[in-house]
Amino acid sequence: GEPIRVLVTGAAGQIAYSLLYSIAKGDVFGKEQPLVLVLLDITPMMTVLEGVVMELQDCALPLLREVIPTDKEEVAFKDLDIAILVGSMPRREGMERKDLLKANVKIFKSQGAALDKYAKKTVKVVVVGNPANTNCLIASKSAPSIPKENFSCLTRLDHNRAKSQIALKLGVTSNDVKNVIIWGNHSSTQYPDVNHAKVNVKGKEVGVYEAIKDDSWLKGDFILTVQQRGAAVIKARKLSSAMSAAKAICDHVRDIWFGTPAGEFVSMGVISDGNSYGVPEDLLYSFPVVIKDKTWKFVEGLPINDFSREKMDLTAKELTEEKETAVEFLSSA
C-alpha cells in the first residue's frame, strides 16, 4: 500500500520517545500500513532529534519507509494524513496560566496556518500539548479550510485513568469497564462521569454505581484521583506521565482510524457545535463519542443528573474563559 504521512511535533521530547516506536511498529495504523514519519522540533533540539532518528533506524521496522526530522513548518506539514501535535510550551515554575496561554497561542496559530497551507484537507489533527483543548481550538481557527471536525484533543489519558481506577477498585481488568466519560477540559476541572459506565462482573454487565456500592467514593475520591493524577505522577516520578500519555495517544488515533468497538464510546475533546448537552458552541470540549469511517458523532440522549450538570458547567466556564483569553492573544499574535 501507499505510505501515509504522520507528523509528530515535539518529537525530541519524552512523550514522543514513548510514542514513536508504537506508531512505527504498526500498533496504531495496523500491521499492513507503511508510513513516513515526519518529526518536528525546535532548532536547538535538532541534535537530540538526530539521535531519535538513529534509534528508529536501528529498530529495523518493516513498515517505516522514511523518517524526516525537521525544524521547518513547510517541510513538517506537507501532504499530511495525520498530525499529532505533542509539542507545546510547558508551564515553568512561577508561570501564570495566562502566560502559558500566550506562548501557546503563538505556536498553535502558526501550526494551524501551516496545516491550512500545506497539509491535505482530509488531515486528522490531534492536539496533546497543554492547555490541549484551547491549543486545539486555536489551531482549528487558524486553519479555516480544514473541517473543524478534523481537530480533536487528547482526553483519552483521563478516560483510561478513570477506567483503571474503577477496575482496581473492583478487582477486574480495565477491559471489563466501558463507557466512562470525561467531560470538559483536560485540566483539574474535568469531570470523570461513571453514571453511564458498565462493568463486567463475573460475566454479568452491571452499572458502575451498582457494582461499587459506594456513592461517596464515586462522587469524591474517585473524581479527585482522576482530576489530579497527572500532578501525582509528576510528584512521584519528578517527570510528567509520558508512557501513559503515549499509550492514550495510540488509543485515540487508532479509534479515529478504525472506529470504536460496537456498544462502546470513548472520550475526546471535539468542537462543541451542535451538541445536545447544553455545552456552549465553539468550545473544544471533551464529550463521549462513537467513531465510524474516520468520523465521530456525539453519543446522544444520556440523562444528566444535577450533580453532573454542575460539574459539566464548571469545566465549560473554565474553557470559555481560556478561549476568551486566547482569542485576545490571537488577534495580536
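Using the three backbone atoms N, Cα and C, a Cβ is placed for every residue, glycine included.
What TrEMBL says about a protein is an automatic prediction, not a curated fact.
Confidence annotation: the domain 'Lactate/malate dehydrogenase N-terminal' (5-151) carries a mean pLDDT of 96 in the model. Per TrEMBL, the feature domain 'Lactate/malate dehydrogenase N-terminal' maps to 5-151.
Sequence annotations record features per position, and here TrEMBL assigns NAD(+) binding site to Asp41, Asn104, Val128, Gly129, Asn130.
Feature annotation from TrEMBL assigns substrate binding site to Arg91, Arg97, Asn130, Arg161. A 10 Å cutoff on Cβ-Cβ distances gives Arg91 (substrate binding site) a total of 15 other Cβ atoms nearby, all chains included.
As annotated by TrEMBL, domain 'Lactate/malate dehydrogenase C-terminal' applies to 155-329.
Taken from TrEMBL, the feature active site, proton acceptor applies to His186. Cβ neighbour count for His186 (active site, proton acceptor): 29 (other Cβ atoms within 10 Å of its Cβ, all protein chains included).
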> With DSSP, how much of the domain 'Lactate/malate dehydrogenase N-terminal' (5-151) is helix, how much strand and how much coil, in residues?
Replying inline: 66 helix, 27 strand, 54 coil
> Any idea which of the binding-site residues Arg97, Arg161 has the thinnest Cβ neighbourhood at 10 Å?
Replying inline: Arg97
> Quick one: Cα separation, Arg91 (substrate binding site) versus His186 (active site, proton acceptor), in Å?
Replying inline: 15
> Expressed to the nearest Å, what is the distance separating Arg161 (substrate binding site) and His186 (active site, proton acceptor) at their Cα atoms?
Replying inline: 12
>> Between C-alpha atoms, which of these binding-site residues comes nearest to His186 (active site, proton acceptor): Asp41, Arg97, Asn104, Asn130?
In response: Asn130
>> With the NAD(+) site defined by the record as Asp41, Asn104, Val128, Gly129, Asn130, how many Å span the farthest pair of C-alpha atoms?
In response: 16
> To the nearest whole angstrom, what is the C-alpha distance linking Asp41 (NAD(+) binding site) and Arg97 (substrate binding site)?
Replying inline: 23
